[in-house]
């Protein structure tokens with residue numbers, strides 16, 4: 001009975017061909033269970049000794065994603081392994097990407113030592129090893145080692161091996177080596193040309209890619225396909241290559257390549273990156289096979305070209321059209337939200353990407369952090385930032401810039417210190433951002449330290465560091481170093497000129513600032529709106545009324561710049577400082593734009609100083625009519641009425657202030673002493689050294705009186721101020737006494 005059963009199970013005739021066909025079907029259907037059963041049957045029946053069948057089992061496991069089983073079956077083959085056996089496993093691991101590359105290299109080395117002269121690597125072996133190396137940026141040594149072996153075994157002349165080797169060098173960004181391989185290939189196919197052109201695209205070498213594409217056409221290669229066109233269009237996606245891109249576009253139409261959606265997407269991207277959004281829109285509208293990549297190209301293009309609102313609108317249209325956004329779509333959309341401070345839309349996108357599972361992507365998280373930081377949601381930005389354990393310099397810069405934008409300059413400097421402790425090298429933008437924080441704090445010592453660090457890191461005095469350094473030294477009152485930095489800048493754009501002109505203007509050197517402006521014009525640098533704000537401010541401080549009028553007219557007549565509210569404010573300040581209040585009043589009433597309370601507030605302050613009560617009261621009442629929430633405007637107007645002895649109006653203004661809920665914000669100042677920043681707030685009683693502070697204040701008031709100081713005008717406001725100071729000092733003393741007791 002047992003013998004009969006055995007005979008029924010194990011046929012007496014060879015069944016290897018039928019068993020191979022069954023294994024092939026299991027491989028196609030990814031049926032691992034049935035494939036394992038066939039593997040067991042092969043072992044039991046003795047068929048395993050056939051190397052052809054054994055290789056089929058290894059391939060079945062590998063293509064079904066069961067690499068441990070494939071490796072075990074491979075090891076069971078022992079000395080029966082041939083080159084196909086090794087290739088099956090090498091290629092399987094090479095397809096895993098960076099995770100499988102080390103194992104593929106290890107197998108390649110084992111093949112050379114264990115196979116001997118009987119099992120030599122062939123073109124398929126090298127293709128697998130070169131593919132594995134292309135996935136691992138740090139594996140260029142293994143790739144070069146395999147290249148040497150390919151030369152030794154005379155496999156480099158094979159077009160298949162040459163294309164794989166070329167692709168490896170391109171993906172490892174070894175473009176020079178890739179070109180050497182390309183030029184030495186005895187035969188080239190469309191894959192070889194496409195790989196080399198795509199390598200130039202990755203290296204952002206648009207001119208070289210275009211020249212190679214033209215050489216391909218001259219040599220009459222018949223294998224020009226959509227991959228070649230996609231590669232060259234990607235390489236030309238930069239503003240300087242628009243004309244070349246248009247030529248390739250025409251050639252794609254002539255060759256009938258435009259019907260491929262990948263080529264259409266490349267053209268949309270090219271026109272978007274060349275700042276031709278109208279052409280990109282036409283290409284988008286004419287595309288018959290739009291996909292999520294097409295939509296993403298338009299959204300990213302609008303965001304990068306300053307049309308962020310259109311990017312937000314396109315994202316909505318994409319969603320309504322039923323297309324699923326990719327992680328790159330979300331990055332472009334979030335960047336658009338950052339530019340226009342669209343917090344609501346940014347939060348909606350955040351919820352959406354959580355739903356579709358993109359929150360773990362590092363570049364999506366980076367875009368989220370940047371969006372929240374620029375939308376002044378620093379706490380939310382910090383949460384996302386802390387979750388990224390491998391934050392790069394770009395992300396650190398986004399967080400530091402968010403703190404600077406929100407006026408949290410101390411936090412920005414502290415975060416920069418943490419960045420250095422993490423041994424992350426800052427970029428030039430990081431240094432410029434931190435210097436802005438130092439400028440706002442007038443922290444000269446820290447600014448000099450960061451200047452030294454920028455030199456240590458090898459950053460030049462170019463854009464944007466040169467301008468930031470110039471601004472920092474100017475705002476710290478160090479005009480000598482400010483001028484020195486400016487003179488050492490090799491390239492000076494309008495931002496650099498604005499920095500130094502502003503620095504001299506703000507430090508009381510108005511004439512020098514105006515001379516710099518004239519020098520700027522001689523060098524051929526076109527001024528912008530910020531330049532004229534600085535120039536008009538200089539005229540105001542120096543008292544050059546006619547010159548101020550001349551510059552205001554020059555804005556529109558010579559440079560086509562329409563004056564903004566800031567320029568009108570400077571002109572009002574020029575007239576007010578010169579005591580020309582009637583001219584200032586007439587000018588304000590002729591301003592063609594809505595200026596709110598800004599201009600009248602300037603006149604109000606100047607009239608208070610010049611004791612021009614008529615126009616001062618008129619300007620103050622205009623400010624009141626417009627519903628200002630500026631407490632200083634109410635106080636100035638009340639002081640004018642008090643000096644005019646119009647006590648009913650004083651009480652009316654104070655009542656109006658209470659009715660509108662206007663509170664005076666406490667003044668705040670800070671002093672840097674021994675690398676520590678001390679912050680002082682008016683009327684504060686919680687400072688640890690409050691007793692010494694008020695004692696010093698009483699001493700200063702006494703010294704002022706002893707020196708004969710008297711207020712320019714006496715009014716109840718001055719009496720109130722003195723009594724307030726006296727009350728605060730007495731209250732502080734009482735509080736300190738009770739605390740000590």
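Quick reminder: no glycine exception, Cβ is built from N, Cα and C everywhere.
Copied from TrEMBL, the annotated features are:
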- 82-118: repeat 'PPR' (REPEAT)
- 158-192: repeat 'PPR' (REPEAT)
- 291-325: repeat 'PPR' (REPEAT)
- 392-426: repeat 'PPR' (REPEAT)
- 493-527: repeat 'PPR' (REPEAT)
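Broken down with DSSP, the repeat 'PPR' (158-192) shows 26 helix, 0 strand, 9 coil.
Residue counts for the repeat 'PPR' (291-325) under DSSP (helix as H, G, I; strand as E, B; rest coil) come to 26 helix, 0 strand, 9 coil. Confidence across the repeat 'PPR' (291-325), taken as the mean pLDDT and rounded to a whole number, stands at 89.
When Cβ-Cβ distances below 8 Å are used as the criterion, the repeat 'PPR' (392-426) is approached by residues 366, 369-370, 372-374, 376, 378, 381-382, 385, 433-434, 436-438, 440-441, 443, 446, 450, 453, 457, 677 of the same chain, each at least six residues removed from its ends. Secondary structure of the repeat 'PPR' (493-527) per DSSP (helix as H, G, I; strand as E, B; remaining residues coil): 26 helix, 0 strand, 9 coil.
Per-class residue totals from DSSP over the repeat 'PPR' (392-426), listed helix then strand then coil: 26 helix, 0 strand, 9 coil.
Same-chain neighbours of the repeat 'PPR' (158-192): 123-124, 126-127, 130-131, 133-135, 137, 140, 143, 147, 150, 198-200, 202-203, 205, 221, 223-225, 227-228, counting only residues six or more beyond its ends whose CB sits under 8 Å from a CB of the stretch.
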